[in-house]
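Okay, these came from Swiss-Prot:
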DISULFID  CYS29-CYS40  disulfide bond
CARBOHYD  ASN35  N-linked glycosylation site
REPEAT    55-76  repeat 'LRR 1'
CARBOHYD  ASN73  N-linked glycosylation site
REPEAT    103-124  repeat 'LRR 3'
CARBOHYD  ASN205  N-linked glycosylation site
CARBOHYD  ASN238  N-linked glycosylation site
DISULFID  CYS281-CYS306  disulfide bond
CARBOHYD  ASN282  N-linked glycosylation site
CARBOHYD  ASN309  N-linked glycosylation site
DISULFID  CYS390-CYS391  disulfide bond
REPEAT    448-469  repeat 'LRR 12'
CARBOHYD  ASN497  N-linked glycosylation site
REPEAT    497-518  repeat 'LRR 14'
CARBOHYD  ASN526  N-linked glycosylation site
CARBOHYD  ASN575  N-linked glycosylation site
DISULFID  CYS583-CYS609  disulfide bond
DISULFID  CYS585-CYS628  disulfide bond
CARBOHYD  ASN625  N-linked glycosylation site
Amino acid sequence: MMARARLAAALIPATAILSCLRTESWDPCVQVVPNISYQCMELNLYKIPDNIPISTKMLDLSFNYLRHLGSHNFSSFPELQVLDLSRCEIKIIEDDTFQGLNHLSTLILTGNPIQSLAWGAFSGLSSLQKLVAVETNLVSLNDFPIGHLKNLKELNVAHNFIHSFKLPEYFSNLPNLEHLDLSNNKIQNIYYEDVKVLHQMPLLNLSLDLSLNPLDFIEPGTFKEIKLNGLTLRSNFNSSHVMKTCIQGLAGLKTNRLVLGEFKNERKLQRFDRSFLEGLCNLTIEQFRIAYLDKFSGDDTDLFNCLANVSVISLLSISLGSLQALLKDFRWQHLEIINCDFDKFPALKLSSLKKFVFTDNKDISTFTEFQLPSLQYLDLKRNHLSFKGCCSHTDFGTTNLKHLDLSFNDVITLGSNFMGLEQLEHLDFQHSTLKQINAFSAFLSLRNLRYLDISYTNIRIVFHGIFTGLVSLQTLKMAGNSFQNNLLPDIFTELTNLTVLDLSKCQLEQVAQTAFHSLSSLQVLNMSHNKLLSLDTFLYEPLHSLRILDCSFNRIMASKEQELQNLPRSLTWLNLTQNAFACVCEHQSFLQWVKDQRQLLVGAEQMMCAEPLDMEDMPVLSFRNATCQLSKTIISVSVVTVLLVSVVGVLVYKFYFHLMLLAGCKKYGRGESIYDAFVIYSSQDEDWVRNELVKNLEEGVPPFQLCLHYRDFIPGVAIAANIIQEGFHKSRKVIVVVSQHFIQSRWCIFEYEIAQTWQFLSSRAGIIFIVLQKLEKSLLRQQVELYRLLSRNTYLEWEDSVLGRHVFWRRLRKALLAGKPQSPEGTADAETNPQEATTST
């Protein structure tokens, strides 16, 4: 027990300490691609983590403390293809360090202060194509043991301490070398012996970068008969004289691409004289680029004479001022002028020029016509140019133009429908201000146009024929514009070959049902950043080839259930994020559809509810159908309850007095009646009731007590309550005096209906009908129930004659005596006049 207690006492603090350690200390690397790519950058590692899988192909160990790389250091990763060891403070690399990495193609050693590099350090790297050894304290290429890397294509040893340009003999064993970067070293002189290996074993695909080396001298003839793919000399010369002599030292060089000049932040030359380029006459060049040279001195008319036969010339950030140097008819086929300083637009006349790029230039606002008859590609973007009456072949001096980019300029007024430019395939106006585009069919003649960009051109589309003639168009971008009434009309009728359409940020609220009917080839449709309120899938039903649909950043609440089936079957990518979804049971089918279509919907997890308030900013996927089932149950129960209450209320309201009568029957059912009969009659017949009925019955023998409303009803009590409580409940029988006035009186009919109920509820009750006068059958049939009763039952009919009166009163008294408790007097009187009642129908 004591031993166990001691063990527990020791383990508890240890466990506490371990629990405080970060989980990264056990598994430090970030898994970028499972079992393939791992990033272990800046983790203070002193060795390679043991838990990295053997299948790893990309491993980043940069910014650690590996310091010493021993033999077979990476043999656990035979599949490795890319290894980054940048700035790991590596000082020693032993023999066979990378042995076994037969698939490694890229090795990066940047920023390591290597002091000892064994001759067999790079053995085993039979597939290595790129080796980066920037800032590795390398002093000479002779000390770099790479002669066996026959597949090496790129060697970057920039920013070291190499003083000699001498290329070792082993370069003859690197036949695939394409790029050698020696920039920012300490090379000052280049001699013929330095490049002897290039004379013996030409590397025709080699591009050589010597920028930022303090060159002072190049021995004449050094590069004679040498062929290079490219040579870059930027920020190399401290004076104009040195530059001139060094360029002359390149005489005899044949290169596909030559780059001269300086870097933006590495300026050494104060002035640039046209004579600097005279030495280029002794070189054979296909492409020439000059960058960041300004303050030209002297006449620059003949500046480019030595470049007359160059195919491609590029001027980057050059301040020429005068344009005389560009006004000659050189044989250039490709001219780039980027971010240069000119007084005015160059009026070029280059008969061979096929491609002209003139972008980001300063202080030029007015376009000037030029003559370029062979021109096919023209890029004039970002110059703040204005065009009046654009565009026709006379503006550019060519009828062969296929690519025209006028984007990011000022105002462009369309004055013609591109006459003479029928071969155009690419046209870009984005972020320029287009005018008069609604005046006529500006693109009518462009039947070969495949790409059109009029995005953010400040146009409001009114003219429905704006795209007439564009029968070959495949890509149309028109984002950031607007439409009349914010409605997208049917303007794409002729665009049957369209595959990409961008309508984002067009303030669209509605889309015509036939807007996309002609676009059966459309594959990509961008409807984002508009004001659409619903996902109307009927619009997209004709788009049989549609693969990508972006409806993000709208105001879509939902889509109708029956419409969701109309989305094209070809659709593979649908973006509905950033909309105002209504997560309510009304749209339950749509919300369920969102859950079912997660593979189709991009960013389904980012689809948020906008309403109701209790679900605002919650994911649409969090909506639960059970909520709707519960709500439906509650609603159903509530509806049924309301209906039942309503029905009961209506029945109670309709039969309120009948219920009162029923309650009274139970209350007074066993008591004695006060009245012999309750008389129901019309006020129009009150004289007959007073003078005949009351006088003969109450003053006759035997006397009968009648209940009359004008005499026996209690004041202050509702008429209906008096009728039931004083009339029916306290009377043995009911006398109904039927006349034309009775039939037409609502109160009389009401009293009669209550009397029927009273007769049904009380076994002793009886109704005696007295018909005062002959009634028209048409009038009597208006009261169906009364008509039926009078047709089937015995009633008394009043006749104003001596015999008729005698018979009437005898029969009425007999009817009233039925069920009446007999008194001795009443019995004797009744026996003196025994008579039978006669029936009249």
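Every residue gets a Cβ built from N, Cα and C, even glycine.
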Other than its close neighbours in sequence, what residues sit by the repeat 'LRR 3' (103-124), given a CB gap under 8 Å and a spacing of at least six beyond its ends?
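Contacts with the repeat 'LRR 3' (103-124): 57, 62, 78-97, 130-138, 143-146, 148-149.
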Tell me the Cβ contacts of CYS40 (disulfide bond) under 8 Å, same chain only and six or more apart in sequence, or just say none.
PRO28, CYS29, VAL30, PRO49, ILE52, LEU59, ASP60, LEU61, ASN64
Closest to ASN73 (N-linked glycosylation site): which of the recorded positions CYS306, ASN575, CYS583, CYS609, CYS628, going by Cα position?
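Ranked by Cα distance from ASN73 (N-linked glycosylation site), first place goes to ASN575.
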What three-state secondary structure does DSSP assign to CYS391 (disulfide bond)?
coil
To which of the disulfide-bonded residues CYS29, CYS390, CYS583, CYS585, CYS609 does the lowest count of other Cβ atoms within 10 Å belong?
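With the disulfide-bonded residues CYS29, CYS390, CYS583, CYS585, CYS609, fewest surrounding Cβ atoms within 10 Å: CYS585.
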Please name which of the recorded positions listed here, CYS391, ASN526, CYS583, is nearest in space to CYS281 (disulfide bond), Cα against Cα.
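In terms of Cα distance, CYS281 (disulfide bond) lies closest to CYS391.
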Identify which of the glycosylation sites ASN35, ASN282 has its Cβ surrounded by the largest number of other Cβ atoms within 10 Å, counting every protein chain shown.
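When each Cβ's neighbours within 10 Å are tallied, ASN282 tops the list.
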So which one is it: of the disulfide-bonded residues CYS281, CYS306, CYS391, CYS628, which has the fewest other Cβ atoms within 10 Å?
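Across CYS281, CYS306, CYS391, CYS628, these disulfide-bonded residues, the one with fewest Cβ atoms within 10 Å is CYS281.
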Taking the Cβ of ASN73 (N-linked glycosylation site) as the centre, count every other Cβ atom within 10 Å, in any protein chain shown.
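Result for ASN73 (N-linked glycosylation site): 20 other Cβ atoms within 10 Å.
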Among all the protein chains here, how many other CB atoms are within 10 A of the CB of ASN238 (N-linked glycosylation site)?
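Its Cβ shell of radius 10 Å holds 13 other Cβ atoms.
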Out of the recorded positions listed (ASN35, ASN282, CYS391, ASN526, CYS628), which are within 10 Å of CYS306 (disulfide bond), Cα to Cα?
ASN282
So how many other Cβ atoms are close to ASN575 (N-linked glycosylation site), meaning within 10 Å of its Cβ?
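A count of 21.
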Tell me the Cβ contacts of ASN205 (N-linked glycosylation site) under 8 Å, same chain only and six or more apart in sequence, or just say none.
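Residues satisfying the criterion: ASN176, LEU177, GLU178, ASN229.
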Determine the mean pLDDT over the repeat 'LRR 14' (497-518), rounding to the nearest whole number.
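Result for the repeat 'LRR 14' (497-518): average pLDDT 97.
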Looking at the recorded positions ASN282, ASN497, CYS585, which has the shortest Cα distance to CYS390 (disulfide bond)?
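For CYS390 (disulfide bond), the closest Cα among ASN282, ASN497, CYS585 is found at ASN497.
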Could you give the number of helix, strand and coil residues in the repeat 'LRR 12' (448-469) as assigned by DSSP?
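Tallying H, G and I as helix, E and B as strand, the rest coil: 0 helix, 5 strand, 17 coil.
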Round to a whole number and give the Cα-to-Cα distance in Å for the pair CYS585 (disulfide bond) and ASN526 (N-linked glycosylation site).
29
